[in-house]
Amino acid sequence: MSGPGNKRAAGDGGSGPPEKKLSREEKTTTTLIEPIRLGGISSTEEMDLKVLQFKNKKLAERLEQRQACEDELRERIEKLEKRQATDDATLLIVNRYWAQLDETVEALLRCHESQGELSSAPEAPGTQEGPTCDGTPLPEPGTSELRDPLLMQLRPPLSEPALAFVVALGASSSEEVELELQGRMEFSKAAVSRVVEASDRLQRRVEELCQRVYSRGDSEPLSEAAQAHTRELGRENRRLQDLATQLQEKHHRISLEYSELQDKVTSAETKVLEMETTVEDLQWDIEKLRKREQKLNKHLAEALEQLNSGYYVSGSSSGFQGGQITLSMQKFEMLNAELEENQELANSRMAELEKLQAELQGAVRTNERLKVALRSLPEEVVRETGEYRMLQAQFSLLYNESLQVKTQLDEARGLLLATKNSHLRHIEHMESDELGLQKKLRTEVIQLEDTLAQVRKEYEMLRIEFEQNLAANEQAGPINREMRHLISSLQNHNHQLKGDAQRYKRKLREVQAEIGKLRAQASGSAHSTPNLGHPEDSGVSAPAPGKEEGGPGPVSTPDNRKEMAPVPGTTTTTTSVKKEELVPSEEDFQGITPGAQGPSSRGREPEARPKRELREREGPSLGPPPVASALSRADREKAKVEETKRKESELLKGLRAELKKAQESQKEMKLLLDMYKSAPKEQRDKVQLMAAERKAKAEVDELRSRIRELEERDRRESKKIADEDALRRIRQAEEQIEHLQRKLGATKQEEEALLSEMDVTGQAFEDMQEQNGRLLQQLREKDDANFKLMSERIKANQIHKLLREEKDELGEQVLGLKSQVDAQLLTVQKLEEKERALQGSLGGVEKELTLRSQALELNKRKAVEAAQLAEDLKVQLEHVQTRLREIQPCLAESRAAREKESFNLKRAQEDISRLRRKLEKQRKVEVYADADEILQEEIKEYKARLTCPCCNTRKKDAVLTKCFHVFCFECVRGRYEARQRKCPKCNAAFGAHDFHRIYIS
């Protein structure tokens, strides 16, 4: 029955497996039952009865194990349910707070977007910023990926039941949950980044407003104190913002560290839980081993009962089963011998342990005794130690340092007094600065209100001026159009007058050339004809220059006739001189620029007078006297001359009156020209000036026509005069004509001056036209400036609103600063109280310091002596240390030799035990004389060696490569899977690749 028993015993190692192996063993089809010896059976009914009893016992054991496993599994299920409940609660809390965070961030974003729309409405469209810095708009909370149904289940509102979230988690896979949660985390990050960007945008806007306030403060006449105060407030604001950002960074860093520590705590908790689970597994293994031990104890009791029954059978029966019973008795004796050997070995080991325990207790006692001796050391021994001397040296050093500290303490006292005084002064300065800042703030508020009132007044003035300018521009439109038409017509008229003047100049040159020819002919005929022909030729040739120069003058009085009585040839000479003068005057007229015509025309009048006087002096000495030819005809023409004389005198009177009128009109023209030059260039004055110019030109044309008529009449009447009286009258008339010609030359010069002034006025008119164009351009620019002023006014109103808000904020900041100042005053009072307490403690410390300084002075001498002793002991210590270094290798060698001896002793004991076993075997050989029995016994021993020492049922078919001990593969694998990864014999640890199958043939 040993064969089937061994086959059935293969399931011994699988009894009572751990929890992790239950599922694997449930899949196996074979049920492993331990072998049991039924003993002698007489019938099949008895065999069935014993088998049923054995099955019932096994089922009872399995039932107990099953109940224990169920209890343990129930406990673990409860723990897992609790853990799942806590995990669900944490997940729900995280989900709720995450949803609250998303809602608050969305509310903040909506608030910032509404504020951004309100603030960006008055700004230019080019200055508006996008939602993000790089231009990529973030998805809206309602239009993003979060509209997916699964993510909407993952992020329910607060009113939704919490089961929906858990159901969504259970319904979706881990990958889907991870993807959706990653999208939700990206949305939260994007929303938070948008909030941060909005805060940065608000910060930039505040800085821009501050810059505008500074620029406005630079442009407006604000006080320097207010500007400095605003700058200080701006700097303080920036400092507080930097401090806030630093604190936020610090808070963020601390929160990250806190989260890391929390993660570490959670990981540690999970490790603790894992360790608890491992402890539970170990406890389960211990329970398993305990159950196995109980089972083995039961088997041992049964075996003892069977042995007793075997003794009884061997005593009662004869030789039927005698060989088998004697063999079991021998095995039992061998087991008893091995048990005795093991007991002896255990007793020896116990003796060794007791010996080591006694040595340990002795060492502990010596240690305690040395501690007590160390506590109650005498002073002399302490003084002789090197540590004491080192302490003395250190004491001397510390004494010197204490002296230095004393000096530093004195300095600190002085510094404390100085700091106290400076602190008091600083407090006074702070109070005075606070009062000054309050006054400055009040004055600044008053100034801001004044500036606001001034800005309102300026706005009203600008609005009124803008309305007036609009009305004036609307009224001046048709007037400007009329003035443009009038200016264009006057320009055309000026061009026509210039053409007429050129034509008249050309005719004047032609007439002067004809006069020269006639003079040459007259001079030739005067030499060839008789004396009677001279007066006629002279009379004919005399009026020609007058015609060309502009007409004769009035007849002179009888006194003038007597003065002008010399030779009648003076007319020709005077006309020739006038001709010579006219040519350069025309050249001068053509060479004068428009800007210099006025002064040159005025300067010709004083130059013409000496020339006329020179001609009057040269005139009598040039021509021959024609008096003899005129005496014969004087009587004939006497009556006619008297009539003509009366007519000419009347005519001359009329001409003189017209000449006076022309001179008066010329004076009026000069006055108008002076007024035009001095007065501003306006349109109505120009129109009046042009009208006066036309009138003067019309009068000049009338005078020219009348002079021509008078010349023609004079030419007709001069042919009739032949006698002396006529010649005398002619001479007088010629003198008067010459005088009138002089006046005519002066009037021509004045006319030329007037023409030049007309050119100047034309040029001035063109300049005025250009100026009108510039004025129109300026009007357009003014309109643009008015529109710009209106836009700037709108912006100023917005800035004023912002400034008012900033003013309110500054008022709140001032209140906060006042509260801070009060808190600082309280802290200052507390610091003063602390300072008083410190001064009291400082006095006590000073007293203690004086006492200690005295003690230090007393101990100074001892320190010197201790230093000398320390040097001596130092030498001795070095000597002892050298000896100790020499002794240490010897101690190490002796320790190694002792360990070697102990190892050899253990080996000797093992050899003794092995030899003892051989001796017992030899004794068995001596006892058993039969060789078959000896061989059978050796075969059993070899089989026992080939069986696994752990389960004692299976063959050895696995080796551990760490220590090369051999076991069965099932035991090794069971130990590996049960996490008992140590060799059963030598406790050497092994891994998954450290055991392999072997095949023993």
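Every residue gets a Cβ built from N, Cα and C, even glycine.
According to Swiss-Prot, the feature zinc finger maps to residues 948-987, out of the candidate ranges 148-187, 388-427, 948-987. Here the candidates are K579, K661, K743, and Swiss-Prot annotates K579 as SUMO2 cross-link. Between K578, K748, K807, Swiss-Prot assigns SUMO2 cross-link to K578; no such entry appears for the others, which is not proof they lack it. Just so you know, the Cβ of K517 (N6-acetyllysine) picks up 10 other Cβ atoms within 10 Å once every protein chain is counted.
Counting Cβ atoms from all protein chains shown, S42 (phosphoserine) has 7 others lying within 10 Å of its own Cβ. The Cβ of K355 (N6-acetyllysine) lies under 8 Å from the Cβ of no residue that sits 6+ residues away along the same chain. For the coiled coil (189-377), the mean pLDDT of the prediction comes to 75. DSSP assigns S42 (phosphoserine) to coil in the three-state reduction, placing it in neither a helix nor a strand.
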